[in-house]
Amino acid sequence: MRKHLRRYAVGALAIGAVAGGAAVALPGAGTGPAAGGAAVALPGTGTAPAEEWQPAPYGLSATPAQLLPSAVSTREPVRVVSTTLDKDGRPVVKVRTATDKAAAAELVKQAQKADNALGVEVDAPVEALADDPYKSMQWDLPKINTSAAQATSTGAGVVVAVIDSGVDAAHPDLAGQVLPGIDYITGTTGTSVDPHGHGTHVAGTIAALTGNGVGVASIAPGVRILPIRTLDAQGRGVMSDTASGIVWAADHGADVINMSLGGTSQVSAVTTAISYARGKGVTVVAAAGNSRASGSPTSYPGADPGVIGVAATDSADKVATFSNQGSYVDVAAPGVNIASTYPTGLGSYTYMSGTSMASPHVAAVAALLKGYNRNLTPDQVQAALESSAVDLGTTGKDTDFGYGRIDAAAALAKVTGATSPPTVSPTAAPTKTATATPTKTATPTPTVAKTVPVVTVSPATKQVTHGTSVATTFTVKSAGKALANTPVQVCVTEAGGSAVCTAATTGKSGTVAVKRTATTGYTVHVVVAATATTAEVTSPAATVTVKATVKVSRSKTSMTVTMTGVAGQTVEVQQLVNKVWTTVGDFPAAARTTVGDLVLKQKYRVVVPDTAGILGATSSAV
């Protein structure tokens with residue numbers, strides 16, 4: 001009944017696909033600043049492909065005794081992490097918990113035998129890398145030449161994923177800056193919250209509203225934040241959630257990933273996820289760690305391959321007293337007494353220190369580079385950051401600063417071409433000429449600046465079951481008043497597809513209602529046309545997530561399965577064996593299926609996997 005696939009078949013295809021291919025990088029990448037600060041050319045800029053992801057198996061031949069800790073109990077449970085490849089070669093991370101050694105060993109064996117198994121290991125803890133709050137001034141932005149950089153790029157159109165404790169999407173200085181995300185602590189998607197505050201502080205450094213007269217400024221105000229919560233209210237989490245978050249970010253439009261977190265154990269699921277994200281063109285940035293006083297133990301994911309590891313500096317360009325040393329430190333950035341946003345329920349703004357605060361500075365500058373040139377690869381972004389950094393400490397790369405403290409304007413100059421200094425020519429002797437009669441010129445009529453409408457959407461996120469009718473309402477206002485009878489384009493993007501736009505007009509109250517039957521996940525936004533007095537504006541996108549349904553009813557040795565939102569994907573039948581759900585069969589999904597040959601007095605359930613546009617579902621046990 002079960003269909004067996006040859007193990008590593010997907011991985012073999014991925015490896016074969018890169019034969020004859022070459023990664024394109026900045027010349028001199030990894031060798032420090034260019035001599036004399038000359039611009040570094042980007043060969044093939046605009047056409048360079050993202051590096052191919054090459055999955056590497058791990059833990060598949062190890063014995064349970066080699067993988068598991070010596071003690072496993074109810075008080076000390078173990079989380080067995082397995083990584084498999086789906087039919088598209090995408091890493092899928094699953095975690096199962098055992099409270100005794102025998103059950104844990106069985107979980108390891110099952111994971112090693114799974115179809116398309118890539119790796120098996122034990123989970124590890126991870127935590128936020130920030131020290132206590134401080135009170136100071138926002139000195140960091142001029143230090144890295146933010147204003148000069150923003151004249152060239154604000155990061156518009158770039159998405160930065162913040163894998164952290166969540167983001168307070170309702171914060172007034174982050175209004176409209178935060179996309180719907182995912183929360184691995186509560187198991188939900190949609191509007192983000194942050195009971196800890198760490199992630200909101202990180203997000204504000206990257207993309208707080210700038211020039212709005214309140215709060216703080218940011219480095220890349222044109223960026224949208226994709227919040228991925230993997231840390232709890234105490235700022236603690238596990239590496240398996242971090243790995244899942246990286247894959248989710250790469251699959252949901254992230255251009256840059258920031259991870260202001262770390263732990264001392266390297267987990268291969270995270271390493272694999274980082275490689276997958278880079279293969280999709282995502283630049284990955286992480287904090288280097290705050291344990292200098294403890295001997296600078298290596299911090300992951302900051303030390304993982306393909307990650308830009310970030311150390312922290314103070315306002316005097318000295319390495320922070322807490323900042324880790326290590327060969328994995330690539331660059332440094334301000335990380336002491338950093339002012340930024342904080343959840344509104346916790347005070348709205350605060351000052352914090354840590355490599356957690358340094359990392360988003362680098363992620364934000366990476367976003368500025370991507371905003372200027374969307375085709376830059378992760379290697380090209382990293383090379384521009386490193387070759388333009390202000391060299392501090394030992395000449396060249398060192399273990400405190402890496403290649404140096406970042407400079408946003410200089411990094412942009414590496415990808416735009418440095419401005420040539422003016423040429424000074426000898427001045428000829430002045431020649432006397434008759435003074436001409438002044439000519440009267442007409443005074444130009446002053447141009448009146450157009451107002452920018454504000455568009456709100458309700459609901460911003462919604463999860464529904466397949467076939468549900470969904471209504472999304474956009475409200476357009478200008479100067480606080482409804483913008484009625486104004487042309488708009490309503491643009492719907494279904495999962496895996498491109499935007500399809502249709503013309504519409506706002507009503508008397510300035511609203512546009514979009515109604516759809518949800519048969520796949522989608523986003524919808526509106527583009528408000530310019531008028532004589534108002535500028536064109538694009539609204540925030542509403543996200544609708546669609547979930548499949550599965551119901552089972554049993555009759556002795558058979559059960560009837562009814563499903564909605566399925567399209568022929570393989571559905572698993574699982575049996576509860578020794579308190580562990582074990583896959584015992586599968587079948588192609590259909591609206592109604594009868595499954596036979598069940599064992600009496602044994603419990604079964606059906607698991608419908610996710611598809612590109614529809615979330616999966618798990619039935620009740622029968």
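The backbone N, Cα and C atoms fix where each Cβ goes, glycine too.
Taken from TrEMBL, the feature signal peptide covers 1-25.
Among the features that TrEMBL reports, domain 'Peptidase S8/S53' is placed at 155-404. Within the model, the domain 'Peptidase S8/S53' (155-404) carries an average pLDDT of 94.
Taken from TrEMBL, the feature active site, charge relay system applies to D164 (among others). Here D164 (active site, charge relay system) comes close to A128, D194, H198, G199, V202, A203, P227, I228, R229, T230, L231, N258, M259, S260, L261: these same-chain residues lie at least six apart in sequence, with C-beta atoms under 8 angstroms from its C-beta.
According to TrEMBL, the active site, charge relay system annotation covers H198 (among others).
All protein chains included, S356 (active site, charge relay system) registers 33 other Cβ atoms within 10 Å of its own Cβ. The active site, charge relay system annotation in TrEMBL covers S356 (among others).
The region 'Disordered' annotation in TrEMBL covers 417-445.
According to DSSP, D164 (active site, charge relay system) is assigned to a strand segment.
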